[in-house]
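What Swiss-Prot says about this one:
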type	residues	note
BINDING	D23, V24, G25, K26, T27, I28, E123, T124, A125, G126, K184, D185	ATP binding site
BINDING	T27, D61, E123	Mg(2+) binding site
BINDING	T54	substrate binding site
BINDING	W323, W324, Y421, K611, G645, R756	(8S)-8-amino-7-oxononanoate binding site
BINDING	G384, S385, D582, H646, S647	pyridoxal 5'-phosphate binding site
Amino acid sequence: MAPVGAALWRSLRAHQVYGANTDVGKTIVSTFLCNAVNRLKNQGKSAFLKPVSTGPLDEADDRHLQRHAPNTLTKCLYQFDEPVSPHIAAKTFAIPRDDEILSSVHRTLSDWANDGVGFALVETAGGVHSPGPNGNSQADLYRPLRLPIILVADSRLGGISSSISAYESLLLRGYDVHSVLLFKDDYYQNHEYLGNYFRGKSIPLVPVPAPPRRPQEQDPDSRARDLEALDKYYSSVTKSTDVVSLLDELVLKNKQRVEYLDEMASRAQKTIWYPFTQHHGMAAKDITPIDSAYDDFFQTYVTADRSAQQGRLQATFDGSASWWTQGLGHGNPGLALSAAYAAGRYGHVMFPGNIHEPALALAESLLKTVDNPRLQKVFYTDNGSTGMEVALKMGLRAACDRYGWDASKEQINILGLKGSYHGDTIGVMDCSEPSTYNQRVEWYRGRGHWFDFPLVKMSQGVWQVEVPATLQASLGGNQQFSSLDAVFDVESRVRSDAGQRYRKYILETIERLVTQEGKKFGALIMEPIILGAGGMLFCDPLFQRCLADVVRGNPQLFNRGRLTEPQPQTDLSWSGLPVIFDEVFTGLYRLGRKSSASFLGVNPDIAVNAKLLTGGLVPLCTTLASNEIFNAFTSPEKRDALLHGHSYTAHAVGCQVALDSLRTMNNMDEDGSWNDFKNDWKQPHAGDTARVWSVWSHKLLHNLSHAESVDGVFAIGSVLSISLKDAEGAGYTSTAAKGLQTRLAAGGPQFNVHSRVLGNVLYLMSSVTSKQETLRTIEGILREALL
């Protein structure tokens, strides 16, 4: 089922009515608000929607509106007879899925907008966290719609606490509470206390007289008197100046919300300097306002001309995973609670010389998760680039200490791969070869040697390892494989002819660089498997394995001029050069495994994790290192310490969110949450599941690999990469993928796809919680665009 956009129209003011508890008067409030709208000629027609109702039909809330607000359109989507919570009442019926409920609500509101309705209320059942039919909290069930809230507070004893708790639960989930109403009670005076509380939040609170009490007798005369009393009550409250003023306020807020979204792009163009963006020729129309985000989707503002009756927000699949950060979905309430808990417990506290529980627990959990016996220490930084700066400092210090080099007198280089990218801070920029990213950076120097390498792709339905033409004399020709699992059978391939060729080429190259050119190298730095920003370059895992093996197995290459080679102290000591893995992008389940190093059978001496570390919520980075690397900075001298840090180092909010994110992802791995995806990639006569798999279907890859415009495709974990043919050459400056990006952005009537391109490569990336149904829908759009 296609996702729904959040609910926003120019002409229709739609609000959701939540209660601080059950039996606080939600339907009473809905009735007099609709009656007041009907009475005021400038408010348009009113409508009332009850998505889920429980209890006898003659007591249903929509029936109450039909009786006491006869000029209001009413509708109930799902009625269950038993007067209990919806998740219990629905058990004896065919339970509608949450997405079906959302679609029905959105479709009903859209129909009403087209019919000229000006005011609509969507009333929930029970309290804020009362379960829906599938057992999920209503606050989460309806969150994709993000309707502005009218909160009915509780005027009874204990109502102050329940009302504030209800408000905070809504706020935590990203709802906007536009107004609060409750019944006056001169004894408990909750309206006085809550009025002051919500005034401090700039939220109007309207106290109204309590409705007449229901008669205890249920004879016809008593019921008739009750109905008459209610009619008089509604007639009185409807005319209240406070109620009329509230309706005017709701009109204004809807108008202001639409106007703000209207202006956001043009205002941003005037004030925002965007990263990785050439602003020359950039217009306001090129900027997409995002009103909110939930799960895999942005809610983007439609800037194209639309009538007042058409919805203004559209669901947009976050195809770049918001620069590769998304793991557990946007607006994740669990992570929001984690952040709020840590913010409430700590705020931010100084880290050096101190320790707090989230930082310690995360460090221990991360070391256990990556399961690399070399790694024993965790250094915290703010983002991937700074984490790699720290890794570089660690590696170079260890190498210089072992080999007796003075980096102030001679240049110490790194070994890496062409197309690598490790961040935008100046040190790690020098760890990449000259490119579009750095050629206009004034302090860039480029200190290293970067190996070209064979690429993995599927073309014409066949997995291939494609060797650059300039290397075929040394590495041999292209190879074909029966499956992606076969490509990753590194332990077998390392003994093959290709493995021997790779090692010989790497060894001879390093010998030439050191002996003939006199270069010194202090670290081997690699992005395991996929070089992301360089163009989603899928490196042959065998080549990376051989590179690490040659560096570690030939320490004599790097100690030229030293009489004796300091031998590693243990089997876990680094040898040759410290091996640094930049897993900022590829680590922590992005490629379907806890660590992308496991694909290579290589345990790095230093590893950096960032993007998925916090599930996609806040910045945080860890640089993991061995004790031997750590000891290179240990001495009586302060100057020998790792003098690097940030004001918000190991901030408690990020550490707590990361701890809970890591726990969630580990649980998903253990409980088989991805088994359906794995089974899709299982080969005939293979084991239970594929060793290498993707959330993107194998059939999609096979289909796209035959497309006329496609040079090659691959998918692994949550990453899908499509390389398009370009007669003028591939690379970051290519525009070949722009056309496909434009077609995806156009999407369909219900949703579209946001994506990023890297030259001739368009990639899509899901979260680790993406549903198979959602991704197969996206795949359908891709097929339409390319086949």
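Placement of Cβ uses the backbone N, Cα and C atoms for every residue, glycine included.
Feature map: Swiss-Prot annotations on the structure.
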{"residue": "D23", "record": "ATP binding site", "Cβ within 10 Å": "10"}
{"residue": "T27", "record": "ATP binding site", "Cβ within 10 Å": "21"}
{"residue": "E123", "record": "ATP binding site", "Cβ within 10 Å": "25"}
{"residue": "K184", "record": "ATP binding site", "Cβ within 10 Å": "14"}
{"residue": "W323", "record": "(8S)-8-amino-7-oxononanoate binding site", "Cβ within 10 Å": "16"}
{"residue": "W324", "record": "(8S)-8-amino-7-oxononanoate binding site", "Cβ within 10 Å": "23"}
{"residue": "G384", "record": "pyridoxal 5'-phosphate binding site", "Cβ within 10 Å": "29"}
{"residue": "G645", "record": "(8S)-8-amino-7-oxononanoate binding site", "Cβ within 10 Å": "16"}
{"residue": "S647", "record": "pyridoxal 5'-phosphate binding site", "Cβ within 10 Å": "9"}
{"residue": "R756", "record": "(8S)-8-amino-7-oxononanoate binding site", "Cβ within 10 Å": "18"}
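Counting in whole angstrom, T27 (ATP binding site) lies 56 from D582 (pyridoxal 5'-phosphate binding site) by their C-alpha atoms. Of the listed binding-site residues K611, H646, the Cβ environment within 10 Å is emptiest of other Cβ atoms at H646.
When Cα-Cα distances from H646 (pyridoxal 5'-phosphate binding site) are compared across the binding-site residues G25, D61, E123, A125, W324, the shortest belongs to W324. If you check the binding-site residues T54, G645, S647 against A125 (ATP binding site), the ones with a Cα inside 10 Å of its Cα are T54. The Cα atom of D582 (pyridoxal 5'-phosphate binding site) lies nearest to that of E123, taking the binding-site residues G25, D61, E123, K184 as the candidates. Between the C-alpha atoms of Y421 ((8S)-8-amino-7-oxononanoate binding site) and D23 (ATP binding site), the distance comes to 59 Å. Per Cα geometry, G384 is the residue among the binding-site residues D23, E123, G384, S385 nearest to W324 ((8S)-8-amino-7-oxononanoate binding site). The CA atom of K611 ((8S)-8-amino-7-oxononanoate binding site) is located 46 Å away from the CA atom of G25 (ATP binding site).
Using CA atoms as reference points, the binding-site residues D23, G25, D61, E123, W323 were checked against S385 (pyridoxal 5'-phosphate binding site), and the closest is W323.
In sequence order, V17, K26, S30, T31, F48, K50, S53, D62, H64, L65 are the same-chain residues whose CB sits within 8 A of the CB centroid of T27, D61, E123, the residues recorded for Mg(2+) being left out. Spacing of G25 (ATP binding site) relative to R756 ((8S)-8-amino-7-oxononanoate binding site) is 48 Å (Cα to Cα, whole number).
If you measure from the Cα atom of D61 (Mg(2+) binding site) to that of E123 (ATP binding site), you get 9 Å.
D23 (ATP binding site) sits 13 Å from T54 (substrate binding site), taking the C-alpha atoms as the reference points.
When Cβ atoms from all protein chains are considered, those within 10 Å of T54 (substrate binding site) total 22, not counting its own. Compared over the binding-site residues D61, D582, the count of CB atoms lying within 10 A of a residue's CB peaks at D582.
In this entry, D23, V24, G25, K26, T27, I28, E123, T124, A125, G126, K184, D185 make up the residues listed for ATP, with the farthest two CA atoms of the set 24 Å from each other. Other Cβ atoms within 10 Å of the Cβ of Y421 ((8S)-8-amino-7-oxononanoate binding site) number 23 in total over all chains.
Taking the Cβ of G25 (ATP binding site) as centre and 10 Å as the limit, one finds 20 other Cβ atoms among all the protein chains shown.
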